[in-house]
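S.K.: Pulled these from Swiss-Prot:
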- T26, I27, D93, V180: K(+) 1 binding site (BINDING)
- G150, A151, W152, K176, P177, S178, E179, G230, V231, A232, S233, G254, C286, E387: NAD(+) binding site (BINDING)
- K162: active site, charge relay system (ACT_SITE)
- L246, K457, G460: K(+) 2 binding site (BINDING)
- E248: site 'Seems to be a necessary countercharge to the potassium cations' (SITE)
- E252: active site, proton acceptor (ACT_SITE)
- C286: active site, nucleophile (ACT_SITE)
- C286: cysteine sulfenic acid (-SOH) (MOD_RES)
- E464: active site, charge relay system (ACT_SITE)
Amino acid sequence: MSRMAEQQLYIHGGYTSATSGRTFETINPANGNVLATVQAAGREDVDRAVKSAQQGQKIWAAMTAMERSRILRRAVDILRERNDELAKLETLDTGKAYSETSTVDIVTGADVLEYYAGLIPSLEGSQIPLRETSFVYTRREPLGVVAGIGAWNYPIQIALWKSAPALAAGNAMIFKPSEVTPLTALKLAEIYSEAGLPDGVFNVLPGVGAETGQYLTEHPGIAKVSFTGGVASGKKVMANSAASSLKEVTMELGGKSPLIVFDDADLDLAADIAMMANFFSSGQVCTNGTRVFVPAKCNAAFEQKILARVERIRAGDVFDPQTNFGPLVSFPHRDNVLRYIAKGKEEGARVLCGGDVLKGDGLDNGAWVAPTVFTDCSDEMTIVREEIFGPVMSILTYESEDEVIRRANDTDYGLAAGIVTADLNRAHRVIHQLEAGICWINTWGESPAEMPVGGYKHSGIGRENGVMTLQSYTQVKSIQVEMAKFQSIF
């Protein structure tokens, strides 16, 4: 693909130049080519976007629930009509295989938007009787202008996960995509406008997180920030949001999730789940089950099943339908993952497979890392303690149920967890003891629109998806009505 035209900001229903004068490049990680130069939003641009959003939000919130629902449903239809076009752009920007982006990224994002479009008419208050002459009623009102700050691994899906409940509740959103993968969020803004969303209700500000993101978190005109990213960045976003104007926050942060295989499990099923929990999207999924706990007596057989499945990984032309494994999202990220792999070797973990740059026809210029499996791992190793966010699985052995529960919970993270077992009683007994917000039994990775997702401990605050997320984009107003004559003591 030839280099795209310079990308601008999207404010008040159209493209506009950034006042900052700064730009950055977005790179195709499959081959190292520059996709586009992108303008970076500065402080004045954030001010413009907030003013625009405030204007648009008043119009949007004044519409009836059914009017808002129809507009969002129209956007869903456009997303599905342009699925392949958007998936190709997502593949170019992220490096993910087209077989993945065309069946997951836009599809699941559109599902969430459709889900919230359907929930809009259900937003309602309550009536509380006090006595014969008095009652209270409540209203759920929008927060106003909210900000979404996205991560680079699922650009358009995250933009939809954040904007769908926010818009459904009557808010306007200013969205800052990751500077690594900014392109499809701009296309989403076009689609919202085409569907009939009032100008200003969804503005997109590409830019560097340390600048544009900070301006958003500090701006007094923004009522809430929803952030997806790393723990360290999330803590800064939360601190800035609270210090500036006590903003509400939703934080979807990192994980180092345990996948526990029990001795009664079907090892073929367990190996299939472990592969998806580590190598789907080249391991760049926040919920990945990178700590795979296996009974010591089953480990040798489990390792052989993993090796057999690694042979089925197909890296190569990301637009080939047979390719199921792409490069990492950027060269700096590739180098960081390689540093973790080197650390694993240094600390004594045994490389079962991979462990280096992936080379071959058409791969040499991209940010490729071989699917890597470490075994003979221990809990104190860096690769077991820290989030790598790449195609790196760590296999750990254990002897008892109590031991594996304790070790699985021995982490600052608490995003996800899963178990593989044939014993239903054990499944529920163990899953109830795991300190994680998203849990799976005999499966991994699905996050449907109806399912609240979010973490315990350092993995986040609040939830995305599900009914409760729609409510989190509202504030409750209580109104007392007195029908008898008011009595004053004065």
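Note: Cβ is positioned from N, Cα and C throughout, glycine not excepted.
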S.K.: List only the single closest residue to E464 (active site, charge relay system), chosen from the recorded positions W152, K162, E248 by CA-CA distance.
M.R.: K162
S.K.: Distance check, please: Cα of K162 (active site, charge relay system) against Cα of G150 (NAD(+) binding site), rounded to an integer number of angstrom.
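M.R.: Distance (Cα to Cα, whole Å): 9 Å.
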S.K.: Report, as a single number, how many Cβ atoms besides its own are within 10 Å of the Cβ of E464 (active site, charge relay system).
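M.R.: Its Cβ shell of radius 10 Å holds 24 other Cβ atoms.
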S.K.: Measuring Cα to Cα, tell me the gap between K457 (K(+) 2 binding site) and V231 (NAD(+) binding site) in whole angstrom.
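M.R.: Rounded to a whole number, the Cα-Cα distance is 11 Å.
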S.K.: Whole-number Å only: compute the distance from the Cα of G150 (NAD(+) binding site) to the Cα of the residue listed as 'active site, proton acceptor'.
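M.R.: Approximately 10 Å lies between the Cα of G150 (NAD(+) binding site) and that of the residue listed as 'active site, proton acceptor'.
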S.K.: What three-state class does DSSP give D93 (K(+) 1 binding site)?
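M.R.: In the DSSP reduction, D93 (K(+) 1 binding site) maps to helix.
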S.K.: C286 (NAD(+) binding site) has how many other Cβ neighbours within 10 Å of its own Cβ?
M.R.: 25
S.K.: Checking the contact step here: among the recorded positions P177, S233, E248, C286, G460, which have a Cα within 10 Å of the Cα of T26 (K(+) 1 binding site)?
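M.R.: Qualifying among P177, S233, E248, C286, G460: none.
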S.K.: Would you mind reading off the Cα separation of V180 (K(+) 1 binding site) from V231 (NAD(+) binding site), to the nearest angstrom?
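M.R.: The Cα atom of V180 (K(+) 1 binding site) is 18 Å away from the Cα atom of V231 (NAD(+) binding site).
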S.K.: Using a 10 Å cut-off on Cβ-Cβ distances across all protein chains shown, tell me which of the recorded positions (K162, K457) has the largest neighbour count.
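M.R.: The residue with the densest Cβ neighbourhood is K162.
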S.K.: Looking at the recorded positions E179, E252, which one has the fewest other Cβ atoms within 10 Å of its own Cβ?
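M.R.: The recorded positions E179, E252 were compared, and E179 has the fewest Cβ atoms within 10 Å.
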S.K.: Using a 10 Å cut-off on CB atoms, tell me which of the binding-site residues I27, V180, V231, L246 is the least crowded.
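M.R.: Across I27, V180, V231, L246, these binding-site residues, the one with fewest Cβ atoms within 10 Å is L246.
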S.K.: Of D93, E248, the recorded positions given in the record, which has the fewest other CB atoms within 10 A of its CB?
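M.R.: E248, out of the recorded positions D93, E248, has the fewest neighbouring Cβ atoms within 10 Å.
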S.K.: Measuring Cα to Cα, how far is L246 (K(+) 2 binding site) from S233 (NAD(+) binding site) in Å?
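M.R.: About 18 Å separate the Cα atoms of these two residues.
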S.K.: Looking at Cβ-Cβ distances, which residues of the chain lie under 8 angstroms from S233 (NAD(+) binding site) while being 6 or more apart from it?
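M.R.: Listed in sequence order, they are G209, F227.
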S.K.: Which ones are near the residue listed as 'active site, proton acceptor': of the binding-site residues I27, V231, C286, which have a Cα within 10 Å?
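M.R.: Among I27, V231, C286, the ones whose Cα sits within 10 Å of that of the residue listed as 'active site, proton acceptor' are V231, C286.
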